[in-house]
């Protein structure tokens, strides 16, 4: 299982997330959630294969820029407890 408590933000300059054509409307809730899922899927896949998780930093930065902190904390708690509804 992934250790969601040990996640640290990547170093370097943070910028505004670029436009994502999958989410053209102003409402970015789905974009936030999808990037959260993509980040955890990326971590899971790359860790399992023994590869660097550095490419996953993009998703981390995007969901941390778009998602409210309370949502992220709630989702991480659900993952930790094994009750997260999303498919990771």
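Here the Cβ of each residue, glycine as well, is placed from N, Cα and C on the backbone.
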Q | motif 'Cx10C motif' according to Swiss-Prot, located in which of 56-67, 68-79 | A | 56-67
Q) Ranges 32-42, 43-53: which does Swiss-Prot label motif 'Cx9C motif'? A) 32-42
Q | Between residue 42 (disulfide bond) and residue 67 (disulfide bond), the C-alpha gap once rounded to whole angstrom | A | 18
Q. Where does residue 32 (disulfide bond) sit in the DSSP three-state scheme?
A. helix
Q. Including all protein chains shown, what's the count of other C-beta atoms within 10 A of the C-beta of residue 32 (disulfide bond)?
A. 21
